[in-house]
Amino acid sequence: MGILPVSEWASWNASFGGPGTGSGPLSGPWYSTHKTQLLGVFLAAVSNFLISASLSIQKCAHLRLACQADLKPYYTSKLWWCGIILLGLGEVGNFTAYGFAPIALVAPLGCVSIIGSAFISVLFLKKTMRAADILGATLAVTGTYLLVAFTPNVPQELTARQVQNYLVSWPFLVYSILEIIIFCILLYFYKRKAVKHIVVLLMMVALLASLTVIAVKAVASMISLSAKGKMQITYPVFYIMIVLMVASCAFQVKFLNQAAHLYEATAVVPINFVFFTTSAIISGVVFYREFQRAALLSVFMFLFGCLLSFLGVFVIARNKKEEHLQIHFIDYGHIPGQKLTGKIQPDSHSSSYGTLNNGDDSVKAQS
């Protein structure tokens with residue numbers, strides 16, 4: 001075998017991480033400039049896996065308690081508490097990840113939680129592995145690789161003064177005004193017109209989530225700098241961001257719970273993931289200018305990675321069987337004071353599940 005020319009040897013080193021001065025994905029310079037970002041990726045991936053494991057463990061604990069003859073409260077189960085501890089660790093890890101990696105990278109890694117749930121449920125809940133789960137996981141993992149490889153490397157240590165400057169920048173002000181207008185329109189239809197379509201509910205969740213991720217990244221970065229000796233928590237903007245984070249999270253939970261109550265999880269989970277990720281990426285681009293110096297090819301490959309992750313989540317969630325109650329009706333014939341002796345078929349998605357209608361006409365019609 002002949003000796004490679006100097007130019008070809010340098011090119012080989014650049015591509016495969018040799019001692020040359022390359023910029024390949026395995027090269028020393030690439031790793032040294034992205035190691036902080038990779039730490040954030042690792043934290044986000046592990047945290048989302050812990051969250052998926054915690055949800056499966058909690059569901060397993062509930063099923064075990066339901067099978068026991070002597071029913072006990074769920075909080076007496078050690079297995080349930082193990083799930084709660086894992087959930088807490090996962091949320092803390094996710095919070096920390098925003099201090100090391102861009103929002104545009106951490107948010108799409110939520111697909112790890114969905115992939116983990118599909119595989120962990122096979123172990124804990126004795127469900128069968130489907131071909132759709134394997135295909136969806138493959139698409140999501142491929143998309144995640146593209147996200148990590150093509151996310152722009154931007155400084156992650158944000159000072160309080162930088163956050164203040166971002167808050168009053170004209171792109172964020174325009175973005176905030178548009179977001180407030182859209183949110184108010186959706187809220188009007190939700191409150192006044194009683195429109196509770198899944199898109200309306202999850203759009204409001206996504207709009208609130210964009211503020212949440214902005215605040216979470218700012219708080220995490222300022223805490224990280226303060227721990228290194230560069231005190232940031234004395235600035236008022238730190239506490240403004242904490243209030244914004246808590247308030248937006250609280251309203252997110254409200255609307256997300258409403259969507260989960262009215263619609264199947266197989267519809268809520270993928271749509272919420274797509275809306276949340278898209279909203280988070282846009283907020284990172286506008287507020288933290290994460291793609292300001294990115295090449296066009298990097299932007300295209302990043303978006304392609306997002307598309308693969310979205311597709312993988314939809315494939316996993318599609319046609320997944322939901323567990324329903326085994327009791328299909330409620331018999332009111334033996335309740336004193338009730339003239340109705342028939343059986344009422346309740347709507348399991350209604351807020352008045354298992355109750356009689358207030359209208360006299362409906363009672364007469366059934367009797």
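Start at 1 and count along the chain as shown; that gives each residue its number.
Glycine residues also receive a Cβ, built from the backbone N, Cα and C atoms like all the rest.
Automatic, uncurated: that is what TrEMBL annotation is.
Among the features that TrEMBL reports, transmembrane segment is placed at 38-57, 78-97, 103-125, 132-150, 170-189, 201-227, 233-253, 265-288, 294-317. Residues or ranges marked as region 'Disordered' in TrEMBL: 343-367. What TrEMBL records for 347-367 is compositional bias 'Polar residues'.
Within the chain, the transmembrane segment (233-253) has long-range Cβ neighbours (under 8 A, six or more residues past its boundaries) at 160-161, 163-164, 167, 205, 208-209, 211-212, 214-216, 218-219, 222-223, 226.
Counting Cβ pairs under 8 Å to the transmembrane segment (38-57), the top-ranked stretch among 103-125, 170-189, 294-317 is 103-125.
Between the transmembrane segment (201-227) and the transmembrane segment (103-125), three or more CB pairs separated by 6 or more residues in sequence fall under 8 Å, so the two stretches touch. Between the transmembrane segment (265-288) and the listed ranges 103-125, 170-189, 294-317, the one holding the most Cβ pairs under 8 Å is 103-125.
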